[in-house]
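Visitor: Right, I'll just put the structure down here and ask away after.
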Amino acid sequence: MSRAAHIPYGAYWCTPFAKWQGAFSHLHSLKFAAWHARRELAARGLQEMPIDFGVLGTTVPQQGVFYGLPWAAGLMGLERLSGPTISQACATSARCIALAADAVVAGSADCAFLLTADRVSNGPSLYYPDPTGPGGNGTNESWVMDNFQGDPFAKLSMIETAENVARRHGITTAEQNEVTLMRYAQYAQALEQDRAFQKKYMRVPFEIPDKSFRKVQATLEGDQGIHPTTAAGLAELKPLIPGGTITYGGQTHPADGNAALFVTTEARARELSTRPEVKIRILATGQARVEKGYMPAATVPAARDALARAALAVSAVTHVKTHNPFAVGDIVVSRELGFPVEKMNGYGCSLVWGHPQGPTGMRAVIEMIEQMVMEGGGVGLFTGCAAGDSAMSVLVRVDV
């Protein structure tokens, strides 16, 4: 009998996302993620589960990151857990899921724990020694800012890649504003009834620890840095690049946060699940890279790759979630896949709640699962672009 990889319902969590230089900016991202995970494992009674494979996903170096997953696992109380540390820009979460799913299907792991974390705030500055430089001087890199501003291969900033896509597909600022308003309205639904939707996977109000993680110094009611958005307000914004189409309103913001989930066998998923009757199977993952300078468009071939691996047509997909740092990305996905743009990204997306890189895709997958369970199941497709004109996708089936 062939093995399949499953995500146990409810065996996942996510912090609120805090806009950079906000409520989480004082916290070491890996220590914070481990502190959070230790609490959540205890709350679910999962500390003693026989986890045999760990994966850490992170993209912004923190002090001690060389020790990666073993260090984070030790801080969580899982002192015998080992595994790799993954960094693939905004495809990090999808890559972690793909790696864990492959391990479970192959039989090299039975129960994998995935932890993703980033602090984009206060990004490190790296110094690269160069004995051949003038006076022996090396070069400096601002890990966050320099990489936002320029792909060393394509020689373009990320917003320039989005403008290339908008130009090629004839996407106007007005169209982007329409999608942006739609996404904020969808996010507002997640806040209804005292954040009933978000409370399915997020503990809010969220207690914020101090730097030493010894005491709670404040609380956060939910995602930080999200502002009311109106049609009139968006219409007043000017494109950031002269002659372009993308405004501040049509792009996301950098953020801090972490997320985690389990990938395991069907039998173990029933043990871990808070609703054992819910089955969440990972059908396939996909990846793609497009011509240089067109990053947001990579989501389409990545989605098609996952669908092809699962031998499914787009018509079989009931739910779509994207990592959409630019609104143009959703318009392209909708046009190319033929999936209605208004049916994508229910209850929120990274365009609204932000972009902490490592955990971004994991939160999106968790939200997609929760929406699918609420709506009776189906086939869900997550696809998201990443640095280097690349993208990854995750395809799941939910049976309720």
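Cβ atoms here come from the backbone N, Cα and C positions, even for glycine.
As listed in TrEMBL for this protein:
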ACT_SITE  Cys90  active site, acyl-thioester intermediate
ACT_SITE  His355  active site, proton acceptor
ACT_SITE  Cys385  active site, proton acceptor
DOMAIN    15-266  domain 'Thiolase N-terminal'
DOMAIN    280-397  domain 'Thiolase C-terminal'
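Could you give the neighbours, burial and distances for every feature on this list?
Guide: Under the DSSP three-state reduction, Cys90 (active site, acyl-thioester intermediate) is assigned to strand. Counting only same-chain residues six or more apart in sequence, the Cβ atoms lying under 8 angstroms from the Cβ of Cys90 (active site, acyl-thioester intermediate) belong to Thr59, His323, Pro325, His355, Gln357, Thr360, Gly361, Gly384, Cys385, Ala386, Ala387.
The Cβ neighbour count for His355 (active site, proton acceptor), using a 10 Å radius over every protein chain in view, is 23. His355 (active site, proton acceptor) falls within a strand segment according to DSSP.
Cys385 (active site, proton acceptor) falls within a strand segment according to DSSP.
Per-residue confidence over the domain 'Thiolase N-terminal' (15-266) averages 97 (mean pLDDT, predicted model).
Broken down by DSSP into helix, strand and coil, the domain 'Thiolase C-terminal' (280-397) contains 51 helix, 35 strand, 32 coil.
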Visitor: Within 10 Å of the Cβ of Cys385 (active site, proton acceptor), how many other Cβ atoms can be counted across all chains shown?
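Guide: That number is 34.
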